[in-house]
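Note sheet for the following structure.
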Amino acid sequence: MPAAAAAAAPPNPNVLQLAPRLRGLVSFPSSYSSSSPFSNRLRLRLPRAASMSAEARVPVAPPAHPTYDLKAVINLALSEDAGDRGDVSCLATIPSDVKAEATFIAKEDGVVAGISLADMIFKQVDPSLKVEWFESDGNYVHKGLQFGRVYGCARNIIVAERVVLNFMQRMSGIATMTKAMADAAHPACILETRKTAPGLRLVDKWAVLIGGGKNHRIGLFDMVMIKDNHISVAGGITNAMKFVDRFLAKEKLALPVEVETRTLQEVKDLLEYAAENNTSLTRIMLDNMVVPLGNGDIDVSMLKDAVELINGRFETEASGNVTIDTVKKIGETGVTYISSGALTHSVKALDISLKIDTELALQVGRRTNRA
């Protein structure tokens, strides 16, 4: 390619670029001698990917969204940490040319998630950092397992550390609970809801996919979902469905349509409307048809009756009173999907740490007369 053409080539949108304001807040040290103890340890401690024994997995891509910018989310997370001065603790204690190696350690059992996002964050902070993973997103890790390492400028590793861990711990917590619920609910599929952390919608939903769940609607734009308030304002479930069909036909939109039902009578009314009209209805939500009992068990008889009434004509979704203890019994009713807001609104982060190699740090201290 001629030089002029190469210069005119647009930037790759998939390559993360460090925001100009952030660039001055991280360190980019000059190259170091290949004979240094750090380069030797790099060769010893970071095996080539071909020699790793991690379970191979096809990477799980984040959900698609027309306006959500994952790069901007990463930049925001870094900016709120860096402020207008950068990491003053690192600036005070660590020379800019010091290299270090840090290890990711699982502090408890669970499903790891956020590895792909961590790669993006490290690249955003310092493209020269070398990152190696011994596990993949979606793999099960045990307490004490070292599942990844990062090597390079010590300051920049520490700048990235908390942002990487905040995302990874949250995503791993979501993925761990999703995996447990998905396994218990089979053959029904587990869905999350829109009850996600503000600004982290795609990150939370990405973690659900990594954990083996499926995504409900991403936002208000990709599915028509008629809930109790819509039904109340529209004057009933039949009127609401009629208005939806008219709207989609007028706007020439082909979108999935879900309607929330709370009683068997509402299910019957909806089925009667669907039998008499050319409708866009695709899924019926069966809300709070799982009834808690005083002994800790649940009564799913109403849910079973609703599933039998629908008889496969539409997808079904159970919602309400869904927990890790109840999801198996709910899944046995024959519903297509089970949705749980708790997957993302009540997540317990998985404990993960990133530790700099102590022996390496002591060598740095001796070399800089700081030990």
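Keep in mind that glycine also has a Cβ here, set from the backbone N, Cα and C atoms.
Remember, predicted model here, so these are calculated numbers, not experimental data.
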From candidates Asp119, Asp126, Asp137, Asp287, Swiss-Prot puts in the same substrate site as Arg162, Thr193, Arg194, Lys195, Arg217, Lys227, Glu260, Ser319, Gly320, Asn321, Ser340, Gly341, Ala342 the residue Asp287
Under 8 Å Cβ to Cβ from Ser319 (substrate binding site), same chain, six or more residues apart: give me those in sequence order, or none if nothing qualifies. Glu260, Met285, Leu286, Asp287, Asn288, Ile338, Ser339
Looking only at Arg162, Thr193, Arg194, Lys195, Arg217, Lys227, Glu260, Asp287, Ser319, Gly320, Asn321, Ser340, Gly341, Ala342, the residues listed as binding substrate, what is the longest Cα to Cα distance in Å? 40
Per DSSP, to which secondary structure element type does Glu260 (substrate binding site) belong, with helix, strand and coil as the options? strand
Among all the protein chains here, how many other CB atoms are within 10 A of the CB of Gly341 (substrate binding site)? 17
